[in-house]
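Accompanying notes for the structure given below.
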Amino acid sequence: MSPKTETKASVGFKAGVKDYRLTYYTPEYQTKDTDILAAFRVTPQPGVPPEEAGAAVAAESSTGTWTTVWTDGLTSLDRYKGRCYDIEPVPGEESQFIAYVAYPLDLFEEGSVTNLFTSIVGNVFGFKALRALRLEDLRIPPAYSKTFQGPPHGIQVERDKLNKYGRPLLGCTIKPKLGLSAKNYGRAVYECLRGGLDFTKDDENVNSQPFMRWRDRFVFCAEAIYKAQAETGEIKGHYLNATAGTCEEMMKRAVFARELGVPIVMHDYLTGGFTANTSLAHYCRDNGLLLHIHRAMHAVIDRQRIHGMHFRVLAKALRMSGGDHIHAGTVVGKLEGERDVTLGFVDLLRDDFIEKDRSRGIYFTQDWVSMPGVLPVASGGIHVWHMPALTEIFGDDSVLQFGGGTLGHPWGNAPGAVANRVALEACVQARNEGRDLAREGNEVIREASKWSPELAAACEVWKEIKFEFEAIDVL
């Protein structure tokens, strides 16, 4: 036995298993400005005290393991360990608790969402002592957020590039999402942009399939953009999905988009991965491309109330990793999204400084310092009758995206785009005149439809369409 081993044993090392709370539950701890703070919804197994469950989360997501190890003596555990510093019961829920955990900054690689998530939402989510575990929120300190580039450009730079101010931007996802040839796809893009939309979009699962290879789609969409710009005098864009099976292929597609001179590309950031997304965001900033982000797969992670991760955490991660737009629900459409919760993470995407507000699900005050903001995209089951509510809920700094609500118009794609543009302009004008869109919205749309036959036809088609289901993710 070496002298060092004997010394280790002599100062108190004892093999075996001990309660996590003896080391990782520290209610006396005063959090530091540089700590990353996490709020976990913890559901312990029967018989497991909440303090032990919270301490287990802190341990397993930082320096701990299931047994005492002698190599703990070779480092300063107090410097590097996560600490569960507070636990509170969830009102109205049996055996559920919010455990607050503080992590020292040195645990995480600079500028890496991948490394951050590998620790905080890694193996701990399979821990047997917990029936369920959900990460509700993270506080990212400026000392860490400043190690990230963030969005390639941000809201103000995008508006300057597009020369569009004072209203939400309008988009449309091309449908059917799969099966069109590249030429017919480009035709649909042209018709929608000519009709008055600012953007059209690849659906998230349009990559490079046998019926439409990516290079052909990019070329026909670029042709559509330039033709629509020449006819309307407005800057137009199409979200060309660069998502691919490898990072190298993804970058090849982004490079080709830049060579075509188009303004924006797209990435599926959860299925593509944070490493790929951050790489693409860096390329987009360096080469003047806007970056639209789709959140495909998010509901697998965030929809269950007691297990997984809330979308507000995914939204913060995206702002750090990089994206100029991200889908954020609609409140009024076909996809999940309760109003106060949605507006909470919309503010986390757009604003520089967001105060703690538990009524909106915001557990921590978040200071983004100078990191650019991200435009929230409202998309999914929306049509012209939703325009007043969307304008009132999301405000000017947003993208309102109507897929079926454009391409489903009885007269075709261009009239569908006209209907949406007329409805939007009417709502913005009414709001600027001081009218209450929440109360008078339907009347605003009816008035505009009297002089726009395209809008009148759209109003007739979708007058009975509603998606009246209760949201699952509520406070």
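Glycine is treated like the rest: Cβ placed from N, Cα and C.
Swiss-Prot has this to say about the protein:
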type	residues	note
MOD_RES	PRO3	N-acetylproline
MOD_RES	LYS14	N6,N6,N6-trimethyllysine
BINDING	ASN123, THR173, LYS177, ARG295, HIS327, SER379	substrate binding site
ACT_SITE	LYS175	active site, proton acceptor
MOD_RES	LYS201	N6-carboxylysine
BINDING	LYS201, ASP203, GLU204	Mg(2+) binding site
ACT_SITE	HIS294	active site, proton acceptor
SITE	LYS334	site 'Transition state stabilizer'
Measuring Cα to Cα, how far is LYS175 (active site, proton acceptor) from SER379 (substrate binding site) in Å?
13
Reading the DSSP string in three states, the entry for ASN123 (substrate binding site) is helix
Taking just the CA atoms, what is the gap between THR173 (substrate binding site) and LYS201 (N6-carboxylysine) in Å?
5
Distance between LYS201 (N6-carboxylysine) and LYS177 (substrate binding site) at the Cα atoms, whole Å?
10
Fewest neighbouring Cβ atoms within 10 Å: which of the recorded positions LYS175, LYS177, LYS201, ARG295?
LYS177
Which one of these recorded positions, HIS294, HIS327, has the sparsest Cβ neighbourhood, judged by other Cβ atoms within 10 angstroms?
HIS327
Nearest to ASN123 (substrate binding site) by C-alpha distance, among the recorded positions ASP203, GLU204, HIS294, is HIS294
Local Cβ density at GLU204 (Mg(2+) binding site) - other Cβ atoms counted within 10 Å
22
Including all protein chains shown, what's the count of other C-beta atoms within 10 A of the C-beta of ASN123 (substrate binding site)?
10
Binding-site residues listed as THR173, ASP203, SER379, least Cβ neighbours within 10 Å
ASP203
